[in-house]
Amino acid sequence: MNAFNKKTQKHVESFVMKHILTSLFLTLLSINIAVAASGDADAGKTKAATCAACHGSNGIGASDTFPNLAGQHSDYIVKQLKAFKSGDRKDPLMAPMAAALSEQDMADVAAYFSGLPHDGGSQDSGSASAGTSTSSAPVAYVPNPAAGKSLYELGDASRNIASCIGCHGSEGNSEVLIYPNLANQHPEYIAKQLMNFKNKSRVNYAMNQFAGNMTEDDIADMAAYFADPAAVANVVSRKIMPAAPITDEVIAGKAKSATCAACHGADGNSPVAIYPKLAGQSADYLIKQLQEFKAGTRKDPVMGPMAAALSEQDMLEIASYYSAQKIAVAELAGSDIGKKLYFGGNVKRKITACVACHGVNGKGMNKAGFPTIAGQNEAYLKAQLMNFKKGQRNNDYNTMMQSVAAKLSVSDMDELAKFMASMK
Ligand code: HEC
Ligand code: HEC
Ligand code: HEC
Ligand code: HEC
């Protein structure tokens, strides 16, 4: 049941996680670079004439093997063009095309394609002959779009496949610039890229892991789903674990959490503003914090001794219990300034948008170790941002939070904390 009390498994996972984090981190760094050369869509239109043969003059690929570029995020397009040019991403057709482009050309054509309507503005091509497609799939297997949707939206924790929706958005409409849109992409192309990630001929640590754990049938299911997402009714998961399973750990954890209740609340909804809510927080994140309080790598005079008394098994059980509880969030006014900073960051001041790691709904990203911050107590949020800024809290991998917090003013932190506390 619990993968994470097996030592070796854990080492493998933390190894994989570091790579995911590194690759995310590098991707995030490249945002600022990409934004630096701002593109001119009109100039891009002229320059894109050479691309039209394959990607269509409306950005809709001329055939299944040519990806749609219409409405794709410009940062993502630029990143891919650079990768083709440097040889990090290999394709015999695209290598010479990209080699001929300067950084300005890349920014211009990206601005042009990203401004085109997702469906190419008109009827044709785009959505490949619905349903059946996935051209060269093994004959025996009939792809199941509902299974594809289920895997897309829920992932499969038992096989270490993250849900795709967290990064690529609802029906493939990604709201985060560094994650490509998959909506309206050719299903054949999606299947081909997943196979490329699976066999590592295309390198991205996060995608290599998820696709690596997918079977060819999963990939065929995923392509079938994207052939026409609107046609797939709401599905109930098949092989997927429910979000908060009542396990033996959860039951044992409830009893063991009695000593924590005074400060964190019996159900993890701490009644005191300076004590964090633990309800609904990711179990992996909670375990990491408890281990670090115990080791002293996260310092707190109250939590240090509390954690010192816990065994690894206690931590697992208590974390499982709290993570299975529902966070209670009151109706709060929030903050428009905080909201803008959370979703948009600030390019001039080089502040990475919080949404990139903590997610559209503030629910974080369990697999990558990004905690839930939605509905957390405001005073606690503010205190943690200040701790990261001063370096008093420095248990974040790759100084991810410290380097973001370093750029925040006190009033930024006030507004951000107000906004995050109001997120549901
Ligand atoms: C001769 C056909 C051809 C031409 C011309 C061409 N491309 Fe491509 N392009 C491809 C193919 C094939 C792929 C998919 C490569 C793969 O499977 O990894 C691709 C992929 C891409 C991607 C990655 C898309 C994604 O979703 O990851 C971008 C961006 C791109 N092309 C931009 C351009 C631009 C800009 C031009 C014009 C300067 C251009 N291409 C001209 C064939 C072409
Ligand atoms: C942690 C975030 C994350 C998750 C979760 C995730 N992806 Fe991705 N995905 C990415 C990133 C980042 C890229 C771009 C990689 C690059 O720059 O080459 C990508 C690229 C892709 C591409 C290639 C798109 C193109 O235009 O070339 C496909 C297809 C894809 N992902 C499908 C999936 C599927 C299916 C799942 C769920 C099983 C999934 N992804 C889960 C982050 C994620
Ligand atoms: C006397 C009050 C008190 C008690 C009792 C207490 N805590 Fe805490 N806890 C705190 C405070 C204060 C913090 C914030 C520390 C900081 O500022 O870094 C905290 C932080 C935490 C965090 C980090 C949360 C996050 O979002 O990063 C975890 C996990 C945690 N406590 C778990 C527990 C567990 C499990 C117990 C019982 C074994 C417990 N606590 C008992 C006061 C308490
Ligand atoms: C590059 C990814 C990344 C970005 C961008 C990011 N964070 Fe974080 N954040 C993290 C990680 C990782 C942690 C947990 C560190 C640890 O393991 O203790 C964290 C922790 C936090 C915490 C403490 C949560 C707790 O329960 O103790 C707060 C508050 C927070 N982030 C707010 C923000 C805000 C506000 C922004 C935008 C200004 C932001 N973060 C941007 C990765 C990120």
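Note: Cβ is positioned from N, Cα and C throughout, glycine not excepted.
In TrEMBL, annotation is done automatically, which means it is predicted and not curated.
The signal peptide annotation in TrEMBL covers 1-36. Residues annotated as domain 'Cytochrome c' in TrEMBL: 39-117, 143-230, 248-326, 333-424.
Against the domain 'Cytochrome c' (39-117), stretch 143-230 shows more Cβ pairs under 8 Å than any other of 143-230, 248-326, 333-424. Counting residues of the domain 'Cytochrome c' (248-326) by DSSP class, helix then strand then coil, yields 48 helix, 0 strand, 31 coil. With DSSP states grouped into helix (H, G, I), strand (E, B) and coil, the domain 'Cytochrome c' (143-230) comes out at 54 helix, 2 strand, 32 coil. Taken through DSSP, the domain 'Cytochrome c' (39-117) splits into 46 helix, 0 strand, 33 coil.
For the domain 'Cytochrome c' (248-326), the model's average pLDDT works out to 92.
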